[in-house]
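To start, the structure under review is shown below, and the notes come after it.
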Amino acid sequence: MIALLMRDLKLAFRAGGGFGLGLAFFLIVTVLVPFSVGPQSSLLATISPGVLWLGALLACLLSLDRLLALDWEDGSLDLLATAPLPLEAVVTIKALAHWITTGLPLVLAAPVLGVLLNLPQPGFVWLVVSLALGTPALSVIGTFGAALTVGLKRGGLLLSLLVLPLYVPTLIFGAEVARRGAISMETNTPLLMLAGITAGAVALLPFASAAVLRVNLR
Amino acid sequence: MSISAKANRLWAYANPKKFLETTEKALPFFWVAAALCLVVGLVWGFFFTPDDYRQGSTVKIIYLHVPSALMAINIWFMMLVTSLVWLVRRHHVSALAARAAAPVGVVMTLIALATGAIWGQPMWGTWWAWDPRLTSFLILFLFYLGYIALWEAIENPDTAADLTSVLCLVGSVFAILSRYAVNFWNQGLHQGASLSLDKEENVADVFWVPLLVCIAGFVLLFVALVLYRTGTEIRARRIKALQARERVGA
Amino acid sequence: MTLEVSDLSITRGGVPVLQGLGFALRPGHALVVRGPNGIGKTTLLRTLAGLQPPLSGRIEGADETIAYAGHSDGIKPTLTVIENLTFWARVFGARSIQPALDAFDLNDLAERHAGNLSAGQKRRLGLSRLLVTGRPIWMLDEPTVSLDVSAVAMFADAVRAHLGQGGSALIATHIDLGLDAEILDVGPFKARPREIEDFDGDFL
């Protein structure tokens, strides 16, 4: 399992691995926001938690179609499926690798972009906490979507259509934590809900992902 | 007859041939009953009920809004059940029934959203508000779209049935989560459920009876549509199977 | 480990392609699968490897014993030859990769990125993976595609050595590898479609 994780990380960091693309996308979206809504700092302060969450979510979505498709194309998935590793473990590791290469950088970059969007002072810590807690769910749910569409030639758009509705609860609670944090409100309830969704998704979705992957491999 | 024997009888309809034979006989009755209920219910509702003292005649859109909203949710639930049956017992008819129901569900969701907007405009002064109920229906609409798109995208029918069934299962969990999330996110304008079997009925009897007739009409229409469409899906599936036979070189 | 198959029926895309297939593959033996294109050789190998379920019939002795090599080699172009092999070695339980490098003459290429290898060299790398799996039954789908004459001999030697150690191999190929192998012609097992009258709805 560690071998698979190390390989995926290595592949992501090597040339053409796509590491940093999500981060760059996040940056660009954030920069474009003031151009579209205007530069008033009070307005930006109000919308910044939500905009940053949405940007992070879209950046996560961007790299999903490579998550399993590359291994599918070169036959690695067939070989992994016949290897001693259970497919549930394979998809979990894949999701973890996706989080480390996409989700984690977003979490770390979010405060910097928060400065650009005039995020209120108390909001920074909650933005990071909510993203750190929410992005693993985005990766796991995304892996499920990738497993559903892995055999399709033009799966990218369909993948977005399938995954985005599944992202709704995570987005609502995650952005709520960041939003309430920014205006110094109590954040316990949405934070616990967010943690619950992430825990549930991480615990259960790999089984669904592995099941649909098996169907797609046959 | 014991319950299990009855259940076994039910499974007999999982055979496509038997299903087609039976539904072909039953379908005319469903069409007629659906048309009858809808005409009676809607005419009664639109022309022979008094205007509401607060809402005026706009209240009459309830006869389209409430049944379609009920159906939108229940059709998804029916798809969930038939998807489970496919995953557990591998009856093709079950998977095809789920496929046949989805477009009907989309239309019902759209009707509920559109009539809601038309009703909401004079009542709340806005076509759309990010009210939890409205938002939930919009999300349900997106789930329907994804489900149908996945069916359309996959070539192999068995693979498509498996994948859409799992999507329906996972989607149901997330749809419920979304419902709670949306409730938490914004407490809304929408009145509580208009229908309940409690003593404190929200709707007066004069509105209530034609509404029940309309709901019966929508249910019957849905049953007729799904049986009809499932028959079509079965035939399409059979054509595919026959073509595959040709290719193998029968 | 003997692989025993009896009364096996397999489907491709929901349509039966082979039926009533039965054979036994004993340790130290090789079986060459023959048959015209499209008969279902690849499907048979994928079914035996556990990638898809059979329609009916029994497969015994296939659990965790099969090393499958399909049309694609599962090679990552941005990893070096050693990194590719080491990965599979670790997935299958950390064995030395040196024998695999030796058997397919990959030592000189060891530090090269797999993306810079020729098609034949890639194939050799893909086949060398079989040696690091440590699994007794090799299941090979057209293994000699893009191999030159000397590489084919190299491959045949590797199979012979594997058989000598008590392993076995099921090979779908059209060329003569010079192995002492039985031939399994799957042509006669071609599935006959059911009569239209019995066409009751499994759609098969």
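Start at 1 and count along the chain as shown; that gives each residue its number.
For all residues, glycine too, the Cβ spot is worked out from N, Cα and C.
These come from TrEMBL:
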- A:12-37: transmembrane segment (TRANSMEM)
- A:43-64: transmembrane segment (TRANSMEM)
- A:96-117: transmembrane segment (TRANSMEM)
- A:123-150: transmembrane segment (TRANSMEM)
- A:157-178: transmembrane segment (TRANSMEM)
- A:190-213: transmembrane segment (TRANSMEM)
Any contact, the transmembrane segment (A:96-117) to the transmembrane segment (A:12-37), with at least 3 Cβ pairs under 8 A: yes
Surrounding residues of the transmembrane segment (A:43-64) on its own chain - C-beta under 8 Å, 6+ positions past either end: 18, 21-23, 25-26, 29-30, 33-34, 37, 98, 101-103, 106-107, 110, 113-114, 117-120, 123, 126-127, 130-131, 134-135, 138-139, 142-143, 145-146, 159-160, 163-164, 167, 170-171, 174-175, 178-179, 181-182
Chain residues in Cβ proximity to the transmembrane segment (A:190-213) (below 8 Å; excluding those fewer than six residues from its ends, i.e. six or more beyond): 68, 77, 81, 86-92, 95, 129-130, 133-134, 136-137, 140-141, 143-144, 147-148, 150, 169-170, 173-174, 176-177, 180
